[in-house]
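Q: One structure is given below, represented as structure tokens, and several questions about it will come after.
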Amino acid sequence: MVKYISILGSTGSIGTSALDVVSAHPEHFKIVGLTANYNIELLEQQIKTFQPRIVSVATKELADTLRTRISTNTKITYGTDGLIAVATHPNSNLVLSSVVGVSGLLPTIEALKAKKDIAIANKETLVAAGHIVTELAKQNGCRLIPVDSEHSAIFQCLNGENNKEIDKLIVTASGGAFRDKTREEMKTLQAKDALKHPNWLMGAKLTIDSATLMNKGFEVMEARWLFDIPYEKIDVMIHKESIIHSLVEFIDGSVIAQLGAPDMRMPIQYAFHYPTRLPSSYEKLNLLEIGSLHFEKPDLEKFPCLQYAYECGKIGGTTPAVLNAANEIANALFLKNEIAFFDIEKTIYKTVEAHHNVKDPSLDAILEADQWARQYANQLLIKKS
């Protein structure tokens with residue numbers, strides 16, 4: 001069966017890897033829609049290669065510019081409405097959500113309402129509104145297929161298993177770019193230092209989140225919703241080699257793990273062709289060459305953002321959306337070298353502390369909390385500077 005795919009975020013790290021997968025298996029995958037933010041040069045190349053029916057960019061000006069460069073019949077849209085138009089296009093049956101941040105929330109919700117299966121790589125959508133997204137998927141008979149390597153690993157480990165027999169999920173973490181630094185050394189580190197991820201090729205925002213371990217915190221929150229498992233049964237383990245992508249421990253003491261080379265094309269391909277597998281030419285795992293694997297507990301005093309994520313997830317309501325929004329603001333300013341590395345965790349903590357939580361929130365309440373948190377975090381950092 002051919003999968004007709006729309007990719008939200010086609011010019012990013014996940015999006016370009018996904019298009020590599022499509023190129024490797026043109027008999028199985030066809031592109032219906034693509035979206036980019038500002039990188040219209042790369043999007044132009046993608047349009048010429050994959051001939052999508054519809055694309056979307058950030059602004060009307062970019063859309064107008066793109067129209068002058070494209071001679072195909074591809075429809076060109078823009079903004080949030082454009083994202084939603086791509087996500088809900090009637091010709092697609094699978095949507096890869098790989099845009100960065102909470103901007104993926106509305107198009108994902110609309111895609112589910114349009115009864116599309118979602119290959120989900122945008123973890124912030126589940127962090128901010130996991131209860132809404134998972135319920136919509138159930139109501140509309142849609143599958144949420146994880147793309148993050150850790151969640152894909154758990155998804156594969158649970159294939160054919162009974163969720164009631166799970167004792168715990170163990171999410172692995174590389175530890176990020178600063179894993180071997182002390183708190184004292186981390187004080188003066190800049191964005192260029194954090195962007196040197198030891199194992200994975202990722203976008204800038206995600207690489208900074210990896211350095212703070214906030215990314216791992218978001219993955220814990222995502223796992224809670226994807227697999228309907230309480231936070232008390234989700235552990236994080238530092239595994240510097242990034243060979244074991246995650247593990248599941250069952251009530252009888254058995255542990256199932258998923259291993260593979262650190263290449264995002266593998267979980268993307270698995271999500272695209274689920275429930276069956278396709279052959280690939282990607283690097284095969286050779287444990288004899290690797291020789292040994294190492295594991296350790298995360299240091300929550302050194303990386304408090306992971307602890308914040310657990311605490312905010314357990315509180316629930318609008319607090320996770322506030323956590324995410326404050327992180328997005330601080331992360332972006334750190335990337336511009338406008339704040340110090342530790343200002344990220346301080347901003348998140350102060351913003352969450354100031355928030356008045358709303359339990360069982362509507363989508364509007366979540367979006368309102370998101371906007372409040374962005375404004376509050378910005379004000380904190382303006383006062384600091």
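Placed from the backbone N, Cα and C atoms, the Cβ positions cover glycine too.
What Swiss-Prot records for this protein is below:
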BINDING   T11, G12, S13, I14, N39, N122, E124, G203  NADPH binding site
BINDING   K123, S149, E150, S174, H197, S210, N215, K216, E219  1-deoxy-D-xylulose 5-phosphate binding site
BINDING   D148, E150, E219  Mn(2+) binding site
Q: Determine, from DSSP, whether K123 (1-deoxy-D-xylulose 5-phosphate binding site) sits in helix, strand or coil.
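A: In three-state terms, K123 (1-deoxy-D-xylulose 5-phosphate binding site) counts as helix.
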Q: Cβ within 8 angstroms of the Cβ centroid of D148, E150, E219: which residues besides those meet this for the Mn(2+) site?
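A: The surrounding set, listed in chain order, is K123, P146, S149, H151, S152, V171, K216, E222, A223, S246.
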Q: Rounded to the nearest Å, what's the C-alpha distance separating T11 (NADPH binding site) and E219 (1-deoxy-D-xylulose 5-phosphate binding site)? Just drop the number here, would you?
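A: If we compare the Cα positions of T11 (NADPH binding site) and E219 (1-deoxy-D-xylulose 5-phosphate binding site), the gap is 22 Å.
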Q: In angstrom units, rounded to an integer, how far apart are the Cα atoms of E150 (1-deoxy-D-xylulose 5-phosphate binding site) and N122 (NADPH binding site)?
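A: A Cα-Cα distance of 13 Å.
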Q: Tell me the Cβ neighbour count for N122 (NADPH binding site), meaning other Cβ atoms within 10 Å of its Cβ, over all protein chains shown.
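A: Around N122 (NADPH binding site), other Cβ atoms within 10 Å: 27.
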Q: When you measure from the Cβ of E219 (1-deoxy-D-xylulose 5-phosphate binding site), which residues in the chain that are at least 6 apart have a Cβ under 8 Å away?
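A: In sequence order, the residues whose Cβ lies under 8 Å from that of E219 (1-deoxy-D-xylulose 5-phosphate binding site) (at least 6 apart) are K123, D148, E150, H151, V171.
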Q: Just counting, how many other CB atoms are there within 10 A of the CB of D148 (Mn(2+) binding site)?
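A: Around the Cβ of D148 (Mn(2+) binding site), 27 other Cβ atoms lie within 10 Å.
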Q: Which has the fewest other Cβ atoms within 10 Å: G12, G203, the binding-site residues listed?
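A: Relative to the other binding-site residues in G12, G203, G203 has the fewest Cβ atoms within 10 Å.
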Q: How long is the line from the C-alpha of I14 (NADPH binding site) to the C-alpha of N215 (1-deoxy-D-xylulose 5-phosphate binding site), rounded to the nearest angstrom?
A: 15
